[in-house]
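Chemist: Heads up, here are the entries from Swiss-Prot:
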type	residues	note
SIGNAL	1-24	signal peptide
CARBOHYD	N51	N-linked glycosylation site
CARBOHYD	N106	N-linked glycosylation site
CARBOHYD	N116	N-linked glycosylation site
CARBOHYD	N121	N-linked glycosylation site
TRANSMEM	144-167	transmembrane segment
TOPO_DOM	168-174	topological domain 'Cytoplasmic'
TRANSMEM	175-194	transmembrane segment
TRANSMEM	236-258	transmembrane segment
TOPO_DOM	259-273	topological domain 'Cytoplasmic'
TRANSMEM	274-295	transmembrane segment
TRANSMEM	314-334	transmembrane segment
TOPO_DOM	335-361	topological domain 'Cytoplasmic'
TRANSMEM	362-380	transmembrane segment
TRANSMEM	392-414	transmembrane segment
TOPO_DOM	415-546	topological domain 'Cytoplasmic'
REGION	497-546	region 'Disordered'
COMPBIAS	506-519	compositional bias 'Basic and acidic residues'
COMPBIAS	537-546	compositional bias 'Basic and acidic residues'
Amino acid sequence: MAWLETFTYICGWLILSSCLLVRAQLDSDGTITIEEQIVLVMKAKMQCELNITAQLQEGEGNCFPEWDGIICWPRGTVGKMSAVPCPPYVYDFNHKGVAFRHCTPNGTWDSIHGSNKTWANYSDCFLQPDINIGKQEFFESLYILYTVGYSISFGSLAVAILIIGYFRRLHCTRNYIHLHLFVSFMLRAMSIFVKDRVAQAHLGVEALQSLVMQGDLQNFIGGPSVDKSQYVGCKIAVVMFIYFLATNYYWILVEGLYLHNLIFVSFFSDTKYLWGFISIGWGFPAVFVVAWAVARATLADTRCWELSAGDRWIYQAPILAAIGLNFILFLNTVRVLATKIWETNAVGHDMRKQYRKLAKSTLVLVLVFGVHYIVFVCQPHSFSGLWWEIRMHCELFFNSFQGFFVSIVYCYCNGEVQAEVKKMWTRWNLSIDWKRAPPCGGQRYGSVLTTVTHSTSSQSQMGASTRLVLISGKPTKNACRQIDSHVTLPGYVWSSSEQDCQTHSPPEETKEGHRRQGDDSPVMESSRPVAFTLDTEGCKGETHPI
């Protein structure tokens, strides 16, 4: 099977390499900040100035080419309209539309009456109101989806942590790693909620339209910087969001490494490597996140750092490496499972049943290893169309509900956890039964022996008297009588008053051939008390005369 293992590793590395190359050029959420939008506009401006210089050297024209702050207009023909496609570097533009400008017979661009500003028609570049409303509803649905998902995951993970932490029998290295993973999912959810509150700075179409219509885009680009102290809080929120996001990916990797070592490493000491796993999960992400924060504060300290401009690879590359490595571990683990299935089929087992087991195990591994990450990483970003909307819903669904799925796999469906919960439930029911008074006094749990003595003295005319006598002694060798299942409980003592709760029946024959009298028979003409003793080794609740 060496060829299969080699093929698995080759496929894994090829997929990882291609996905890293694609993902490195893409944004993580399909949106850009104002700073990034300005960078794109400035690059277009520089290219336009080079083109204008080249056109001026070619010769004189009617209307000179120029940069109006958004579009680089070419030479215009006298008395005609010039049409230029809406620029693709403006995010919220209709990239299928066209902008218009008029070249007057005087050889100058038409200007707005009463102003020195050049007239241009950008109406076709702006998204239509119905389209804009549709995009807004789409993003609102995504927000509701991942908010509900992260909330459910947070609650289920919190309960799972309490369950595993409460039962001491569940305290082991494997469950310690699970707890760290649960905490990383919870911190990721909390950081996303905080980030949504304090770092909402994405560029909207209304803001861009107002800048374009007012002609203030160039002034905004070159204007004075604002007070940066107001962005300290949101910068901290963004840094913590990126850190907890990275720790979550790396704790998923730790789970994969732990499972992989259990399968492939002989005599694996999980306790020995626990601190190493903790360093990978919490320590290593802090290194590259701090490096990114220092680079951002030094080179591009603008607004909230919600999305970086060119330095995103500092934290994206390690995260993508963790996703790719986890995917390779997943492939290798599935390969081992498939090999075991084929070996089992060779000895005559049901093939369909074995493949169902393989499919079930693979599904669990998909949730544990986070295989959906590698699937979405390899998908190209189109930022439009039905497929992109479906992809965004699927990606955010799995990302937000993954914590809930992991809690089910590692806690709620875990046999050890279920056994401990059942034990606690049984003990709780027994404690409730002990506190509740029995209806007929027929069941007693304790070490006090109850005896009932009927007096036949001369004072019997005054009525029978009942008293409790503590009797000590060894049980006789009489045969054990069959009693109900409560005798098997520790500390149970059979009481003669239990006959009061039973239906009267004829006396039954004992093994010695004697007949036993029920409690409804006349009082025995004997002054000897009837003692009830508890023998832990022999019969329970045996009676004998003293």
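Placed from the backbone N, Cα and C atoms, the Cβ positions cover glycine too.
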Chemist: Identify, among the glycosylation sites N51, N116, N121, the residue whose Cβ has the fewest other Cβ atoms within 10 Å in this structure.
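Modeler: Sparsest of the glycosylation sites N51, N116, N121 by Cβ contacts within 10 Å: N116.
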Chemist: Using DSSP, what's the helix, strand and coil tally for the topological domain 'Cytoplasmic' (168-174)?
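Modeler: Taking the topological domain 'Cytoplasmic' (168-174) as a whole: 5 helix, 0 strand, 2 coil.
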Chemist: Check the DSSP secondary structure of N51 (N-linked glycosylation site), expressed as helix, strand or coil.
Modeler: helix
Chemist: For N116 (N-linked glycosylation site) and N106 (N-linked glycosylation site), determine the Cα separation and express it in whole Å.
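Modeler: About 16 Å separates the two Cα atoms.
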Chemist: Six or more residues out from either end of the transmembrane segment (175-194), which same-chain residues have a Cβ under 8 Å from its Cβ atoms?
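Modeler: Contacts of the transmembrane segment (175-194) (Cβ under 8 Å, skipping residues fewer than 6 from its ends): 146-147, 150-151, 153-154, 157-158, 160-161, 164-165, 237, 240-241, 243-245, 247-248, 251-252, 254-255, 258, 274, 277-278, 281-282, 400, 402-403, 406-407, 410-411.
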Chemist: Check the transmembrane segment (144-167) against each of 236-258, 362-380, 392-414 and return whichever range has the most CB pairs under 8 Å.
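Modeler: Checked against 236-258, 362-380, 392-414; highest Cβ contact count belongs to 392-414.
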Chemist: If H, G and I count as helix, E and B as strand, and all else as coil, what does DSSP give for N106 (N-linked glycosylation site)?
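Modeler: The residue in question, N106 (N-linked glycosylation site), is coil (DSSP, three-state).
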Chemist: Should N116 (N-linked glycosylation site) be counted as helix, strand, or coil on the basis of DSSP?
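Modeler: For N116 (N-linked glycosylation site) - judged by DSSP and reduced to three states - the answer is coil.
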Chemist: Does the transmembrane segment (236-258) reach the transmembrane segment (392-414), going by 3 or more CB pairs under 8 Å (6 or more apart in sequence)?
Modeler: no
Chemist: Restricting to the same chain and to residues at least six past its boundaries, which positions have a Cβ under 8 Å from a Cβ of the transmembrane segment (274-295)?
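Modeler: Long-range Cβ neighbours of the transmembrane segment (274-295): 173, 176-177, 180, 184, 239, 242-243, 246-247, 249-251, 253-254, 257-258, 305, 308, 311, 314-315, 318.
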Chemist: Measure from the CA atom of N121 (N-linked glycosylation site) to the CA atom of N106 (N-linked glycosylation site) and give the result in Å, rounded to a whole number.
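Modeler: Here the two Cα atoms lie 20 Å apart.
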Chemist: Looking only at the topological domain 'Cytoplasmic' (259-273), report the model's average pLDDT.
Modeler: 74
Chemist: Go through the chain and flag residues at least 6 beyond the ends of the topological domain 'Cytoplasmic' (168-174) whose CB is under 8 A from any CB in it; none is fine as an answer.
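Modeler: Sequence-distant neighbours of the topological domain 'Cytoplasmic' (168-174): 258, 270-271, 274, 416-417, 420.
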Chemist: Hey, how far is N51 (N-linked glycosylation site) from N121 (N-linked glycosylation site), Cα to Cα, in Å?
Modeler: 22
Chemist: Taking 10 A as the limit, how many CB atoms besides its own sit near the CB of N106 (N-linked glycosylation site)?
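Modeler: Within a 10 Å radius of the Cβ of N106 (N-linked glycosylation site) lie 11 other Cβ atoms.
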